[in-house]
Each structure stands twice: as C-alpha cells, then as structure tokens.
Amino acid sequence: MKVLFFSNKFPVEEHADLFQRIRQQSRSSRHAVLRQLLDECTAAVREEIRLLPAEIRTRLPPFQSILDLAEGFRWERSPLAGTFECVFLCLAELCLFVGDYEARPQAFKFTRSDSVFTGLGLGFLAATAIVASPTLIDVPATAADVIRIAMRAGLVVYHQGQNLEPQSLSAPLQSWTTLVKRLGEEAVQRELDCFNSAIPRPSQIYISVVEPDGSVFINGPPSIMRLLFSTPGPLQSAPRAPLPVYGGPCHAAHLYDRSHVSWIVKHVRSEIAWREFSDAAPLLSMADGQPLRAQTALELFESAAYVLLTGIIRWGNVLAALEEREDGAIQIESCGHSTPVEKLMRVLHAPTRDLTEWLSDEIEAVPGTHADCRIAVVGMSCRLPGADDLEHFWELLEQGRDVHQHVPPDRYDVQSHTDPTGRRMNTSQTPFGCFIDSPGLFDAGFFDMSPREAGQTDPTHRLALLTAYEALQQSGYIPDRTLSTIRETVATIYGQCSDDYREANAGQEIDMYFIPGNYRAFAPGRISYFFKFSGPSFSCDTACSASLAAVQIACATLSRGEANMVVAGGLNILTSSDSFAGLSRAHFLSKTGGCKVFDDGADGYCRADGVGSLVLKRLADAQRDNDNILGVILAAATNHSSAAVSITHPHAPTQEELYRNVLRQAGVSPLDVDLVEMHGTGTQAGDAAEIESVTRVFSPSRRSERLYIGSVKANLGHGEAAAGVTALIKALLIFQHNAIPKHVGIKTALNSRFPDLGQLNVHIPGETVPWSPRPNRKRYVMVNNFSAAGGNTALLLEEPPQRPTPGPACAQTRFVVTVSAKNPLSLRRNLERLMAFLRQHQPPVHLGSLAYTTTARRIHYPHRIAVQGASIADIIKHLELRLADLSLAHPQGAVARPPPIAFVFSGQGSFYPGISHDLLEHYPPYAREIHQLDALCLRHGFPSILPALTSSENSPSPLVTQLTTVCVQIALTHLWKSLAITPAVVIGASLGEYAALHATGALSASDTIFLVGQRGLLMQDLCTANTHTMLAVQATANEIAGCVPDSLSYEVACINSHRSITIAGTRSNITAIKASLESRGYRATELNVPYAFHSSHMDPILEKFNAIAQQATARALKVPLISPLLVDVLHEHTTLPASYLAEATRGRVRFSEALEKAHQATLITDQTVFVEIGIHPTYSNAVRSTVHNIAAVVPTLRSDQDNWHTLAGSMAALYEAAAGLDWNAWFEPFEPELRLLDLPRYAWNLKNHWIQHNGDWLLWKDKDRDRDNGKCMTHPDDGRGLYTPLLHRIVEETFWAGGGRVVMESNVHQEEFFAVASGHKMCGRPVVSVFSYPDMALSLARFVYTKVHPDISPPAMDFGNVHIFEGLIPHKDRSSPQWVRLQIKTTSVKHQLQVSFHRVGEDRVDQLATGTVSVGNAASWLSEWSGIAHLVSSRIKALQDLVHEGRADRLTRDTVYHLFRNSIVDYSPAYRGIQSAVIDGLEAVADVVLASSNMDRWTAPPHHVDSIAHVCGFVLNAGNAADHDNINTVYVMEGWRSMRFAKPLVSGRLYRSYVRMVPARDTGFFSGDVYVLDVAEDEVTGLLAGVTLRPLPRILMHRFFDPADDAHNWGNSPAKPEAKPEMVPTSGSSSAAGSPSGSSAGPLSIPERLADPSETSFQSKASKVSKALALIASETGIDMQDLNDETCLAQIGVDSLLSLVLVEKFALELGVHFPGSFFLDFPTVGEVKRQML
C-alpha cells in the first residue's frame, strides 16, 4: 500500500532555489505535464490577482510565470505572506509530485485498496488535486483550481485577521501562532479559558494544533498573544516559540463557517467540480484521521477547505488511523523528509520515497518549437493619405478612391526636382505620390514637448505618439489596471526605413533636438518614455516590410513572455526628393500616377506616407481584461528570397513556402482562407510573382469557396515602412464592417501574365462584397508584405471571437459618465464629440458600458467633467448643460492634484428599513463585507443585522439599529477605500465615532462591534427606553435658552454648527420645548431615538461600559482624528485611553468647534473634500456652515434615494475634485456584463510644427549649378561667400571690431533677378517690386553679422525706416548689364545697420531707397503681439460678419488680381498669394497661401512678402472706399517704419493679412499696419508697421513706369517730398496715422503702433526676471503670456538637455550663474522667479 503524504512545510529552506530547479527541469523533454501545470497555475493566479484590491495588487511585481513570483518576489515579507505561502507550498508539492511521476514512469493509479492520501495544513489541500485527478494528464487543470482555492483560503484568513487586528500593508509582520511545549492540551486549555473570560470571543486565543508529544500550537491576534504571555501563570513560564505564521487565524471553528468555504471554492470549473469518485483513494483528515466524505471533486474541495479553516490538527489521530489500516508492504511517498514523515516511518515501519530526487536529473532540453500563442489586436489608429482616422480610411476604401497626387509644396518644389527625362542630376522622373495632409500637426503640450522640440522632431515620431495614444485609448488602456497592462511589461516596436525629415528638413539648421528628434530608435523610445513603458523598445528596418516584420516581432515577444502588451506599427513620411530620385531611376516608381495593382499596364508603384499603430496582447489576456478584440493573429513568419535573380526581385517559390509555413503554424487549411491582402505594388515583376505564389497555395485547382484578393496600395500607394501595418488595419476594418471593399488598381485590363483566375475561383472585387460572420466557419485573411531588400513577411488573421451583446443594463440603475482633457479646448471638443456620438448612436448605446468605458477604461486628465444619469437621454441632457457652462467666460478649471479627503461619520440619526439594500443585493464586495461583519456580530453573541438591512424587520431593537448603523459605516468605509478614496483625516459624531475610530486603525472591526454591542446591551438593561429623547433645533444655543422657560430642563447634547444644536431631555420636556421653539419660528425636529445620548440619561451605563472598554485592544491612530469630545486634533501614533469611549457616550458632541480647530491647524483646507459616511447625510450641512469655501461635501447613502443614485452623484463630485477614484475596482463585479465602447478619439489641440525644406540643394549637393542647364558654374562673387538671386557680386568689403561696410552690385538683367521683376508688371513693363529690397537688405545684413560674429547665429532682424525714392525698372534692351548697388554699413552690428540702394549708370548714381536693419528677438516680438492678437482677430471677425450680413464683399483670388491688373499692377502666379479677400472701405483682410519657393536661396522671398503685404495697395487702388480717389489716382509705396517676421514665411501655409489704412499727415498719403496671422498657429507672426503709400496721378503712370531706358522713375514727381531723408534714420515716424475713425463694421480698436525697435530694446527695458522669462519663452517656443507661476517647465519641454542650454544662456546673457540641475530642482516658473529674486 502507498501512503502519500503532503507536508505543511517546504522540503528545502531556500524556496527560491527549489523553484529555480523546478523551472530548469520544466524545460526538459520529459516534463510536458509539468510545463502544462505551471502554465495552468500561472493563468489561475493571474485571474485571482486581477480580483485583488488595487492597494494590494499594485504591490506585486509583474510576472510571466508563477515561478517568477515564487522566485523573485519576497512574498515571505509581504502583507499577504500567508496567502502566498498557501499558493507556493501547494504549487511546490504538486510540481514535485508531477515531476516525479513523469521522471520515474509508474502507474498513476490510486484506489481505495492500494493507496491512501493524507497531509498537514496546506499540504492537505494540495493532496486534493491528486485525489481528484483520474490521470496524470488531468492534474494540471485540477491543480490550477486547487491553487485558486489555496489563494482564496489565504485571503479569507487574511481578511479575518484584518477584522480582528488590522495591520497596515507596510507594517512589520507579526506572528499569529506560538508553539507551547510540556504543558499538554488540557493544561493549556484551562489557562486559555481563564484568560479568555475577559477577551471578546472572536479575539480569544485558541488551540490550533495538538502534537503527538503533547506540544500545542496556540493562535490569536498578536497583541492578545503578547498580553497572554505577559500575564503571570503557567503559560508565561512554559517553553514557547513564536512561529512564522503571519496570515491570520486558521483552524478556528469559532471564526469560520460554510459561507467562507462556499466563496473559496466558488470558481472551480464545472468539468472538474462534478467528477465523481467511485474507487478513489481516501484522503485522511488531519483533524480526526477519518477519510473525507465526498462523492465529487467539489465536495472533496469543500471538505478539505472546511477542515483547513476550522479543524484542529491532531497528527496523532492520523497516525493511529494509518496504523489500523496497515496491510502488507507499505511505501511512503513524500516531498522531502520532515518530522511527520519520520513519525510515519516509525509507526508504519515503512521506507520513504522522496519525490524531490528527480530535481537532480540531467536535463534533456525541449527542441525549439513555435509557441502556440494567439495574439489579439485590441487597438489601432492611423494617419494615411486621404484619411486621418479609421472612419475616413474605411470611407476611402468603400468609395474606391485613388488618392495619388503631385508632390505638395510642403514637401519640396516638385517642378524643380522632377525631370521626366532623367537628364537633370538628382531629379525624380515622377511627380506623383500619396500624402498625408498637414503631417506637421501635433499637440506638443499634451506630450510635454516645447514647440521648439516639436518642430525639430521627425513628424513620423510625433504621429507615432498620436496614433499610439489613440490605439491605446481604443484598447481601453489604463496603466497597471491588469497584469497585462503593467507598464514594466509593455513593449514598443515600430518599423521604419527612411530618415527624410532628418536629412531634408531638420538638417537644414541643426538644433539641440536634432539627434533625439530624428534618429529612428527614438520613435519607439519616445513612446515608451512618454507612457513609462519599461519593456523592450525596437526600431525595425526591413525596408518595405518593416511594419509587418515589427508586428511579427511583437507577436514573438508576446509568445515568449518578454512582454504582456506591445504597441507596434510602421512610420513613413516623405519629405526628401532623394528617395524619389533613387527609386524612380531604379524603375521602381510609376511615371503615370498611382499603384495600378493587377493592371496589365502596371508600371511601378506610387510612394506614400503612412503611420499606423496597433496594440497587441495575448488573446487570453485580452479576453481576461474585457478588451475589444479586433482580430486574432494566429501565426506570422518571415523568410528571405535568397534564390531570386537579384536582391530586389521577388521570388514566388520563397513566398509560397512562407504562406505554407504560416498556415502550418496556425493549423489552418489554405482552402479555409477567404481573402488574401496582397503586397501588390503594381510592378510587373512583383504582381506576377505574388499571384503565382498565392494561387499555388490557396487555389492550386478550382476551390469550392471563393478566394478574394486585393491590395490597399491601389488606393493609398505604397507606404513602404508603413505598408504592412496599413494592409493589416484594412483587414481588421474588413472584419469590423463585414465587407470586402472593391479593388481600384485595374485601370485598363487585368494583367495578362496572370493565370485564369475565374477558373480557379479567385476573384478581384469590382464592387464592395458583403462578408458577414458564419456560424460554422471562421473567416481568415492572409496579409502579405515583401521587401525590396528580399524579405517576405506574412501573417494569418482570424476574425475576432463573437461575444454576446450585454443586456439592457446591469444591476446599477444610475451611472457616471466622465470627460477629461489636458487643456480647456480639448475638453470642449471631447465633450462635443461624445455628444455627437451619443446622438448618432443613442438607441444602441449601452449606458453601463458607456460609463465603464469613460471611467474605468480611460486615462483621466486635470480638465474634467462628470455627469450622471439613468438613461442615455439623461446623459446627453446633462452633457449639453455642461457644454453650455464651458463658455469662454467660465472655462472649466483644472485641478492640479488629488485633494485631501475627510471622512465624516454621522450618528444613529434617522434609521430606516432597507439601508444599503441595492448595494447589499447587487454589489458583491459590499455584501461580502456586510456578511463578514454580521458573522462577527453573531460570534460576539449579538443578534444578526441582516433582517434590519433586508427590510424584513420593521422595528428593530435599539441594539440592532446601533449595530447595523456601525456595521454599515464600516462596510462603506471599506467600500470607499477599495475605490482608492482614503481619508487624510477622520471625524465622527456620536455613534459615528466608533466607525471613525475603526477608520483610523484605533479599533479593529471586531472590537468596534464588541463595544457598540456591549454599550447597546447596557442601555437596554440600565436605561429605560423612550422616557427621554433628543431634539434637533435650527438655532443658536443662546436663542434656544431664550425660548425655553426655566421650568423646562434640558441638556445641550450636540453642537453640530453655530445654528444647529441638538438638545436632550425627558420626552415631556422636549415636547414642550419643541412647541415653544416652533411658536417663535424656529425649526425643531424630534429625533427617532429611544435614548437621550450625550446626556445624564447615559449615566447608569458609564461605569460598566468603561470596564468593558478595557477589554478592547487600544491601538495607535494611523490617521489623524478630529475629536468632538476633546475639541482637538489627535495625530497619528496617538493612543486613546480606554475611558475615552465612556466619556464620549456622556460628553457633549462639539462637532463644529472641533472642525474649526482642525481648520485653524490647516488639517482641513479649502481643498478638502468631505465624504459623509452614514445611513443619511445628517452632518453635511454642518460641515458647509462651519468650514466655508470647501471643495465638496458628498454623501454615501440617502434615505430618499436608491444607493446607485446617491453614489453616482458623490462619485461624480469626487471625480471633478480630482480624487483618484479607482473606477476599475467599482466596475469589477459588473465587468462581465459590460463592453468597452469604441468612442470618439481624443480631440487634440493641434498646431503645425514643420521645418520647411527650402531650395534645391538636394539636387546639386556639393556642386554649384546653373539652373538653366544643370552645368556647374562659378559664382560672380569670386568665392567671397554670398550669392543669391538678387545679390551677385561684392565690390567692396571692409570689417572692423563690431562693425563693417559692404557694397554689392547686382545685375537686374540676370535671369533670376529679371524673373523677379517680370512677375510684377506695371503699364506692361517689369518693375522690381519694392519688396525685393527686404530680401537684399536682410541677406546682406546676415552676411555682415556672420562675418563680424562668426560663432553666433544671426538673430531675428527688423528691416525698417524704409523710404522709397525711385522705382527700379529693367531696361528693354537686356543685351548689357543693368546694375543696382546695395551698401550696408554699421558701427555695431548688434544694434543697427544702415542700408541704401542705388541705380548705377555709366555716368551717374541715383539713390533708390534707404533703410535700416535692426537686431531683434523673435520670441519677444511674438510675446508683444500676443497681447494684441485678440484685437486683430476681433476686427477680422467683424469683417467676416459683414459679409454674412451683405454689407461687405468677399472677393475671390481671380477677382482680386483682375482688379489689381486693371488698376495698377499685373502680378504673375508666383505673386498671387491672396486666395480671397474681404474689403470694407479702407479696411480689409486677405487669406494668403504662399507659392512654393527654394527657401534656402532667399531670406525674404519678394513674391512672399509682396503677397502678404499688397493687401494695403489693393485697399487703395482697387477698393471701394469713398474717402480717396482711385479713379484718377494710383497709390505707390512710399516706405514703412518696421518690417518684422518672427517666423519664416512658409510655402503652402495659410496666412491672414489684416490692414486698415488711414490718412497720413502728408496730404493724400495713407498709412496703416499690416498684421500677418499664421492661421494654423492662431498667432500674429509678422507685422509691417507704418506702411505708407503716396498718391500719383494715374495719367502719369506711363511716364514713370514705361520710360525710356535712360529715364528716371517718378524722380520728378510733383508729389515727391522736396528733401530726401538722410541715411541715419530718425526715431519717429513721418507717416503715423491719425486717430481711428468709425466704421460700419463697428468701432475700430486697433492698438497703438509699436514703438521703434530701438525704443523697445529688450535689454534696456526688462528686469532680469523678465529677461529670464523671455529667454525661457524663446528657447521653448512658448508665448510669454503662457508663462505663469504655475507653469511646469517640464510640461513646456524643459528637459535635462534644454535645462543645460538655459543655464548657459542665463550666464552669458544675464550674468546669472546656476548649477546644471537648476531647472530640475526648481521645476515651475514661480520657483525660478523666487530663486532669482
């Protein structure tokens, strides 16, 4: 006979070493069952940990295997040490048993006749897994359920211990068990009976183990155990030793019953639970030695758990039973040797086989195999050409759109960089591509980046952040919500294959963020850093298959357990012409347009942008987490076409083998695949090879079911590194929409090289094909992706598992819906989006799921709102009201940090039947708590509280009402704490002070119930009920005294607030007093209480109650307590005297005075949120009237509302106050009935951060070029370093310290210069626009600045004080040069440079214009203008409103330039930037889009500046104002006072120019300021101040603008001033406008003109602090107005790198020296200012 013994101790001392050896052996080929056991137990423990309270769950480390926890987690010292000992001891013994039976092949057969099982403690529980398993193969599943039972048993013991003697999670562990030797059981029991007589029953010490030698183990709360051994007597002197038993009380029949067992075995799977035993081996009870009675596995588990919880271990009984059963040869099997085993060996005279010996066996490793792990896609997002989200992507597919286009201006100049012949160096032969609109749009503030850093960061990195966030949001990701979302186990893997932005954009002017902003590794790294993911982070480059390869790596990472969640995708944004050139010259690209996939005329692919992100999890984890599963990746693989004719050529046999490999891994027949999403580039070689491989595998002959093929590249082009993820997202959308969209790649005819697809039943959808789920056949999609580098990647996608639709509602009847954002604008937009969604989907939206999604499955931000309702219509109504509140006048404020919470425990007050009925019936955590407390009541000998709660007892006794009130308060306290609402301070009134003391940790739940119950019994015995009562009065104490006759005595029992007093007295007196008060207009309410608490009515019980209170264990406060008795604050670590409760029973409750004292001590502040915990809010008004301006006061229960309604309102208020509610914990009981909704994505606050690629330097690289023929030529400046289209040669160059003089000459007839003039014609002649001068002056000024200060980058410059004297008109005869001379000189280049322009003839030099260039600060300008931007915007809006009213005109682009041509000037297309204009008199606004330009060759392109500025000329020359004559007069440029652009003008960007011209001081002259607004940035970025136009008779136009070649231009004009100004400018302006006048558009409120830059010099006007702020604003790109004392520097992009830069700048520019960590040590603007002051 076999005796199988399972011990209650580990077989070795070093637990970690044991589990390491088990792990090593599990890798052996012999131990497949062991591996399965570990996997099953891991899943079971994961599920149980998911159900733990957050405060415990978050203390556990992430783990992939249960062995990780057993080995690496120091569980022996954790608060749940006992719980984990249950788990790991059972696990160890089961692993040892299974491993032995695998390593030593033997019969797994245990019958009643040949085997018997027994065990001690937790080993007894482990034995049930073997007894309940018919075969060895059945053990893993059974063991997993037993492990869950063990964990739950440990938790039951832990919670019971907390009820008896609560311990904080960080407190040192204390032993609950002591071994006592020599005395024997009877003697110990006598001593315990004597000692326990003064101890409440649940807290009494008891015997848990009786050893055969007479030693006993005694158990009990550690503090009571210490008291026991400090009491003189035999136990004090007996030999004893505390044991490492920390979990709580076990083997305690007085503490546990069958209800605990039912919860422990609740989740046993039915297929295991109902296994029947017929001839199974018996399991002997460790209590009486008798076999457990069980017919099924469930009954066996229940019996074993009951014995474990309630039975005293008597090992002698087991030995005696075994001795009686001895029959023949006996062999003992056990895990290691121990004292019980040795006793077995002696009694049975039997040998022992050690089940640990196999751990030393040599390991035969398992051959590498593919891990059978299905991967779920749970979130996705994209930015694609023509589609900035998933919805638009599907619309694009459904509509069959082909979105290819010419390369847009924001990438590069397609005309100069394209040459279809390929003869020009480095040009592309195709102008086509597919592009994302505005790829620079980004919410920098959300991701804690400064505008400066955002601009320097590759847009693929930024869009990766945006799409990763959106995919995570769709997945319902909350950091650390579940084991699979623990941040330490999340990986990021992205495919990338180019560096366009780094090479063509950011590289033009390298800044501090060049490296982290552009190198590929930083894209996934930045995502990991922002979200604080600590898992692997990879950037993958396999060329065109990079993103699908990244997904494959992600799947492998998940399968191997290296991560629990992966964010993966692909990135591609095209900005460099080099790749276009290289690919087109290698014949990859189509010269005729998009990808013509499957077309007979396919001539190559069309390049495309693309950014896509996916969130991946193991399928089991996704289902456990209640995620939405979009699709399931069954298998993925990659191979390489090494047998191809060249590295870039596809190879059909290799692709074919790849498909077969993937299908083998997935276990799916190729004939079951319905759709192949092909790579499909539209190249002849690629399409033919791919169709060959696809048909050979999926349709080698005609198949019965249709096979559809398609390729997304026909719609979107080839996204290269993003191609694979784009195709995968398309496949997922197909599952989502149950339709296969039409293929649009065939433009002429099907590729003639294809086989007969119809014969093979292979179809290319010409229209959208419905494809709905089928009940008996799953849908599969093969996604194929190959690479120009030879790689092939494919994956098989299965449709998502079907889930039942949730019912109409879960148990809750009212729900909270939340909306939040990082800024007010996004909050408003998020709110609008949610409302639009609800209106659109109102009938099908499940209210519970909506609440669950917006609360438990959303990351929450400081700007937030919460509404509650009982229906979707309710929610919409409340959202509409909140949206109305979010006006500009009342923006929603942000709460920076969670508020302190104060718990207020009210007294007995208004008891009513059915208290907390809804929670008790439908919220299991609360019900479980109430039942535990009810069990404590019964164990103390008090009546049950359940009848009073379930409405079955209408008139409960005073004892029951008091017990019920306190138990409900304790349960509600635990409920709030489970939701992460924990108190910073506690106050209790009257009876509520008992629950308050429990909340502070001063009383255990058991002691609290004991004291309340004993007090209630004393009242029943010693106080006559209903002879006295209490009266609540709304008056002051003095007012009450003034209304009560002297003959009527009363006592003031409670001072709740200044005007809320409760008095006590005899019932007759109180009745009379009530009548007296009411007759004088005071409100008085008699309380429904049988006794007059806090009065002399309590005197009879005080002495006895004080004696009883000594029996409770006094503990130090863990939370500050506000004492209404002492009118004081008792801080942590204070221990209350035992007499406190008796004194509180009799003493006056001075609630308001105590609150005021706490307020004065700042323990309560204006930010404190009060949570009243009681059966009805009786003290909320007292709190409000005592502490003014508090954040919120919320109730927990109300007698006039159902529980859901009250809690919803309170949780909404707490949420808006920024309390950190654990919504996941709240919804956990309901989660199976709820679904994660696909709600609208976050509304970003997008601004365009984009460095425009300028010029054509990518074409000529290190070679000079002649734009006409591409040949090299030498610059006319003879290598002196400056050559632009308008500056040709240096004729004089002199420099000295700080200054210099340079003279340059330019040939007006040179082709580029002449082209500038030709775009601006007057009277049919080219005329050099005066806005050519800014480019010439600023280019030369920058050159001079660089020469004088070669180590300093040129700053922003203001070209002002400009006076135009004559026009510059090219000669008709261009056979000889026509020279214009520019002179610039300065004595201090850092301040001002004088500029003059001259026409140079053979015998004369004529002055054309003069001006100055002043050095400025762009950031200061932006700050300056931000203060007036709203005024400009208001005028623009007023003009636009006039259009709608029909009182102003909106002119189209064609109309504007038609009027210009008829009035004064004919502009070429390059100058025609105005897209539309609104004009009203002398006021106008124009929308301007600048033409493309090679920006690296210009400083201020004339056609850009002219486009921005000529709205002022249009107003005067072509406008409709009545106060000037534009019929007989034309207006030409006289000059301007200042021209400043804080940011470069960008081709393709939308600007808005606003001007109002007014008469100037000189008669006929008009002046105005042109404000330039960047529409995308919504800010003023440029200003032409004091622009002045002078009148010229129209009749003289031909004289001045069509002269002979030797004539002057308007030099003899009668309107010309007689005296020319000198070169040195004056500080004032000669063309300041007069006072503003009225307008039909409303009063004009334009700010005063900005002063001259020399007057507003930043250095001379600002203090050091304001200089410092300006520097911070400049370096981060933040507006000065956005910097306030609360601004967090890290959130505007001041990281460690920028911190060092600012420290250096402070030292250089301010003379202030700080350490490198200064901005990290002082992280807000306010702190920086204080340090500087």
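Glycine is no exception: its Cβ is also placed from the backbone N, Cα and C atoms.
Not measured: the values here are computed from a predicted model.
Now, the feature entries from Swiss-Prot:
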REGION    21-358  region 'N-terminal acylcarrier protein transacylase domain (SAT)'
DOMAIN    372-799  domain 'Ketosynthase family 3 (KS3)'
REGION    406-429  region 'Disordered'
ACT_SITE  Cys544  active site, for beta-ketoacyl synthase activity
ACT_SITE  His679  active site, for beta-ketoacyl synthase activity
ACT_SITE  His718  active site, for beta-ketoacyl synthase activity
REGION    903-1211  region 'Malonyl-CoA:ACP transacylase (MAT) domain'
REGION    1288-1420  region 'N-terminal hotdog fold'
REGION    1299-1594  region 'Product template (PT) domain'
ACT_SITE  His1320  active site, proton acceptor
REGION    1448-1598  region 'C-terminal hotdog fold'
ACT_SITE  Asp1506  active site, proton donor
REGION    1608-1659  region 'Disordered'
COMPBIAS  1627-1643  compositional bias 'Low complexity'
MOD_RES   Ser1696  O-(pantetheine 4'-phosphoryl)serine
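Listed as Cβ neighbours of the region 'Disordered' (406-429) (distance under 8 Å, sequence separation of 6 or more from its ends, same chain) are residues 435, 438-440, 504, 574-578, 580-581, 584-585, 589, 591, 1250, 1252-1253, 1256, 1258-1261, 1263, 1265, 1267, 1270, 1491-1494, 1546-1549.
For the recorded site, Ser1696 (O-(pantetheine 4'-phosphoryl)serine), the DSSP three-state label reads helix. In the three-state DSSP scheme, the residue listed as 'active site, proton acceptor' is classed as strand. For the pair the residue listed as 'active site, proton donor' and His679 (active site, for beta-ketoacyl synthase activity), the Cα-Cα distance reads 48 Å.
Within 10 Å of the C-beta atom of Ser1696 (O-(pantetheine 4'-phosphoryl)serine) sit 11 other C-beta atoms, taking all shown protein chains into account. Between the C-alpha atoms of His718 (active site, for beta-ketoacyl synthase activity) and Cys544 (active site, for beta-ketoacyl synthase activity), the distance comes to 8 Å. Counting residues per DSSP class in helix, strand and coil order gives 0 helix, 3 strand, 21 coil for the region 'Disordered' (406-429). DSSP assignment over the region 'N-terminal hotdog fold' (1288-1420) gives 30 helix, 60 strand, 43 coil. Along the region 'Product template (PT) domain' (1299-1594), the predicted structure has mean pLDDT 89.
Spatially, by CA atoms, the recorded positions Cys544, His679, Ser1696 include one closest to the residue listed as 'active site, proton acceptor', and that is Cys544.
Rounded to a whole number, the C-alpha distance linking His679 (active site, for beta-ketoacyl synthase activity) with Cys544 (active site, for beta-ketoacyl synthase activity) is 10 angstrom.
Taking the active-site residues His679, His718, His1320 in turn, the residue surrounded by the fewest other Cβ atoms inside 10 Å of its Cβ turns out to be His1320. Annotation note: Cys544 (active site, for beta-ketoacyl synthase activity) sits in a strand segment as assigned by DSSP. If you take the C-beta of Cys544 (active site, for beta-ketoacyl synthase activity) and look for same-chain residues 6 or more apart in sequence within under 8 angstroms, you find Cys497, His679, Thr681, His718, Glu720, Ala721, Ala723, Gly724, Asn785, Phe786, Ser787, Ala788, Ala789.
When other Cβ atoms within 10 Å of the Cβ of Asp1506 (active site, proton donor) are tallied across all protein chains shown, the result is 24. DSSP assigns His718 (active site, for beta-ketoacyl synthase activity) to a strand in the three-state reduction.
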